[in-house]
Amino acid sequence: MSITRKWAAKQQRALEILIRLQRLYPDATCTLNYETPVQLLVATILSAQCTDERVNKVTPALFARFPDAPAIASADIQDLESLVRSTGFYRNKAKNIQGACRAIVEKFGGKVPKRMEELLELPGVARKTANVVLAHAYGIHQGVTVDTHVKRLSYRLGLTEETDPIRVERDLIRLLPQPDWENWSIRLIYHGRSICMARNPNCSSCALADLCPSASEPQRHS
DNA sequence: ATCCCGAGGG
DNA sequence: CCCTCTGGAT
C-alpha cells in the first residue's frame, strides 16, 4: 500500500473515532469555570499539571477578589500565591498570571489578544494554553489543544508516533478537519479521564477498542 | 509511587 | 535534550 493510501486510511479512522466520540460525549464542553476571556486564560494557566476540578475550587475566591486583568496585575503577589496554592507550582503560576495580566493591560489594551503569536508572548502561555483560550473564548481554531490526555490517547490510537506535544499537534492538524479540532481535544480529554486512563486503559469497557491498535496489545502504554 | 487540560530555563 | 516547579488525589 502506498504512503498516501496509508495516510488516507489513517485519516478515515480518525474521522470514525471522532464520530463515535461525539456520540459518546454529545455535550462535552470546557470543564473550567470562567466568565471572561481573561478568566479563562488564568484558569487555563492554573490547570497545568492539575485537575480542572481543583482549578474550579480556587477560581471562585480568586475571581471574587481579583475579577479582571487590572486587578490581577496590581495584586499583592503573596495574595495571589495563597489563593492559587492548592493547584501546585503556585509561585510560578502566581507570577505567570500576574505577568500575563500586566502584559494584557500594558500591551493589549486590557483584552486577551486573538492572535496566536501575541498570546505566546504572555508569560506562562504556550501552544496548549493559547489553543484553549482561542477556541473557547473566541471560537478561533488556530491549532489542536494537546494536553497530557490528547497526547496519550492520540498515541495509543495510533494516530501519531510522536511524543513531543508540538509534533503531536502537527500530526493531528493534518489528520482532522479544522472545525473539529477542539471537538477532538475536548472529547479525548473526557475519554482520557473516564476510560483510557494513564495507568489503566480499561480497554474492555472502551467504545473505541475496535478502532484502536493498542486494544489488542495491552502493553502499549504511555 | 504516579498522575493531573504545562511552561520555562539550562 | 534534560531539569525544575508544587500540591492533591489515588
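Using the three backbone atoms N, Cα and C, a Cβ is placed for every residue, glycine included.
Whatever TrEMBL says is automated annotation, not expert-curated.
Annotated domain 'HhH-GPD' per TrEMBL: A:46-194, in sequence order. As annotated by TrEMBL, [4Fe-4S] cluster binding site applies to A:Cys196, A:Cys203, A:Cys206, A:Cys212.
Averaged over the domain 'HhH-GPD' (A:46-194), the predicted model has a pLDDT of 95.
Counting other CB atoms no more than 10 Å from each candidate's CB, the binding-site residues A:Cys196, A:Cys206 peak at A:Cys196. Here the binding-site residues are A:Cys203, A:Cys212; the one with the fewest Cβ atoms within 10 Å of its Cβ is A:Cys203.
In sequence order, A:Arg156, A:Ile195, A:Pro201, A:Asn202, A:Leu208, A:Ala209, A:Ser214, A:Ala215 are the residues of the same chain, not among A:Cys196, A:Cys203, A:Cys206, A:Cys212, whose CB sits within 8 A of the CB centroid for the [4Fe-4S] cluster site. A coil conformation is recorded for A:Cys212 ([4Fe-4S] cluster binding site) in the three-state DSSP classification, outside any helix or strand.
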